[in-house]
Amino acid sequence: MWFFARDPVRDFPFELIPEPPEGGLPGPWALHRGRKKATGSPVSIFVYDVKPGAEEQTQVAKAAFKRFKTLRHPNILAYIDGLETEKCLHVVTEAVTPLGIYLKARVEAGGLKELEISWGLHQIVKALSFLVNDCSLIHNNVCMAAVFVDRAGEWKLGGLDYMYSAQGNGGGPPRKGIPELEQYDPPELADSSGRVVREKWSADMWRLGCLIWEVFNGPLPRAAALRNPGKIPKTLVPHYCELVGANPKVRPNPARFLQNCRAPGGFMSNRFVETNLFLEEIQIKEPAEKQKFFQELSKSLDAFPEDFCRHKVLPQLLTAFEFGNAGAVVLTPLFKVGKFLSAEEYQQKIIPVVVKMFSSTDRAMRIRLLQQMEQFIQYLDEPTVNTQIFPHVVHGFLDTNPAIREQTVKSMLLLAPKLNEANLNVELMKHFARLQAKDEQGPIRCNTTVCLGKIGSYLSASTRHRVLTSAFSRATRDPFAPSRVAGVLGFAATHNLYSMNDCAQKILPVLCGLTVDPEKSVRDQAFKAIRSFLSKLESVSEDPTQLEEVEKDVHAASSPGMGGAAASWAGWAVTGVSSLTSKLIRSHPTTAPTETNIPQRPTPEGVPAPAPTPVPATPTTSGHWETQEEDKDTAEDSSTADRWDDEDWGSLEQEAESVLAQQDDWSTGGQVSRASQVSNSDHKSSKSPESDWSSWEAEGSWEQGWQEPSSQEPPPDGTRLASEYNWGGPESSDKGDPFATLSARPSTQPRPDSWGEDNWEGLETDSRQVKAELARKKREERRREMEAKRAERKVAKGPMKLGARKLD
């Protein structure tokens, strides 16, 4: 019934790739590349075609087929499947390359290192030790043709054709009959008298010496060449000489050879071998050992082969995160290995892990993800960012740890181009409004302003019109000087997003107010920005036809190209604020401040741009900010430098009062009335339903420190404020000011989202005078209360000695 017969080769689940065999191995087998039919995964297929009159070779091939199926060891070629018919033998193994071809390719690429060879020889010797000491088997074919390399660079021992038992129960060693293989036989095999005393491993260790010589010097021409070590490293030469010694009795056991080479200073005593040995036993290591290993791994990855990192280190890192408790220490080596992957491999292997990491509550992991986002952001698609990453990232805006808040703000620069309309224009702006108004850390408020300036072009036209002017105006009233600089530079960076009316009526009045700022850096930037905006206005005034060209971006949709230009306007104006992050790790103060150049955003053609000037150290160096924000009368203990919850980061209200006192030299009463006015308008707008989240103007709690400077002494009795004088005419005149109706502007209520017009330009002169007078009376009342309390304490406590208070 021959028509019921089936071709076993056709039903075999693996197929050969139609290519010539690899290598031309001496012996009965031909090595082909293949793949699994179901999945397409690559494999190697050793093929032996049965030929008439070659019974001896057929028996050798069948014996090897049997050995492949029964021997299992990490350093021996892994058997996957096999096929035995009357016409052929197929042995399917993991995908490998002959060692000779691999070494030649590595040398041509200029990437072969002694580290790779040391670990490869370690694996071959370990396989021989397993065969001789554990299985009592003699390999009898150790040579270059019997060693293969997998895709991770691991060396595997194959060539099991001529293996026999060391106990003699299976007969003597089979005859090879192949001159290419017989040249590796030790000299004692030529002595037929049998009087030579040798160990069971002696012949294989001689062949190991031949393999070492060929790895470093190329194909062995004759046995006499073994006397010259050639390019064999000096640390390996003494052990090599033991292997090729004429006396087989002194050749070391494979286990002892490994021990000798692993001694301090030995050829196999290096970081690469130690890393591989740890990875082989990582499942039984203690958690503390794993933590230490992954922490030190990043330093060594640069010296390791790329294939090893991709195919051996990466799976262990992914496993450690998925099933272990390695935590944040996995991130740094994970992203370092990720650089070796293609975009497709990165999407398949690393992105799922990254997405899962963002949902972690571990602060260390969250902050490291934010710090290293630049390495993987290009592999994230928009749906993944908006649905799986952004909802977890925004929790960082509410974190009590300043370092996490700071890194969350910075990460928005990378995420903004991938955010959808709702997340970018609604959710993100809500958090930015709260941070800029209420965050107690001046550097974080400053970086929020900087980030807004960089992502401004990604916002929708309506959001830009509603947000940018109000946000940057608020920043110019921040008591933290770098925040005021950031507000000015924010206007300059986004100058193309404002209409000429907004430039003249909203932006220039704000900038002009900063020309009398106590900080010279603020004044300098204000003057430059004013000149830039005036230049635009003047050019449009001279040639009104330029108006359309100048305002082309005002109502334009969000543009990534515009965002790229804005992103370079000043770098991170508070780049040094990363000290908040480093402060989480280090307890030592930062170094002295340095000056940083802040380049301006390029202006439209025909409009002169302000010349880039170095910004003083104050807005660019974290160490100075920390000193500026600390209470100068309080000395902190250095041991508490990294305790965020307990650390005194300074009182912005106290700092604001001292700044206000300095401002009195620039304008009498004007700053006080301005701050009072803003505070009052903020109080009104805070009653809107969305004031807790979506209001830049409603959340000005930090500005109240400008309103009540307790250190300022009240003016003498009878003193009149400058605003109380009638500068327009005689005091006895009862006529109203004929220009009053022109100068007075109706006060407008803030819109429900409170992103609208700033209230600083809408209050009348009379209300400013009344509020200034109320502020003065409030300070006087506060001073009296403090004096009364001091008097009460003196009466209650009694007399006090010099330097000590009397105990109750």
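For all residues, glycine too, the Cβ spot is worked out from N, Cα and C.
The annotation coiled coil is assigned in Swiss-Prot to 761-797 on the grounds of sequence analysis.
Swiss-Prot lists 556-566 with the feature compositional bias 'Low complexity'.
Summarising the annotation, Swiss-Prot assigns compositional bias 'Basic and acidic residues' to 681-690 (among others).
Residues annotated as compositional bias 'Basic and acidic residues' in Swiss-Prot: 765-775 (among others).
Per Swiss-Prot, the feature compositional bias 'Basic and acidic residues' maps to 782-795 (among others). Residues in the compositional bias 'Basic and acidic residues' (782-795) partition by DSSP class (helix H, G, I; strand E, B; coil) as 14 helix, 0 strand, 0 coil.
Annotated phosphoserine per Swiss-Prot: Ser754, in sequence order, evidence recorded as a large-scale study or a structure entry.
Summarising the annotation, Swiss-Prot assigns region 'Disordered' to 540-566 (among others).
The region 'Disordered' feature in Swiss-Prot is assigned to 587-646 (among others).
Among the features that Swiss-Prot reports, region 'Disordered' is placed at 658-808 (among others).
The average pLDDT computed for the region 'Interaction with COPB1' (793-808) is 57. Residues or ranges marked as region 'Interaction with COPB1' in Swiss-Prot: 793-808.
According to Swiss-Prot, the feature repeat 'HEAT 1' maps to 350-388.
The repeat 'HEAT 3' annotation in Swiss-Prot covers 507-545. Mapped onto DSSP helix, strand and coil, the repeat 'HEAT 3' (507-545) counts 35 helix, 0 strand, 4 coil.
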By Cβ distance under 8 Å, which residues at least 6 away from the ends of the repeat 'HEAT 1' (350-388) in the same chain are close to it?
318, 321-322, 327-328, 331-332, 334-335, 338-339, 341, 343, 396, 399, 401, 403-404, 407-408, 410-411, 414-415, 418-420, 423, 581, 584
Residue distribution over DSSP helix, strand and coil in the repeat 'HEAT 1' (350-388):
30 helix, 0 strand, 9 coil
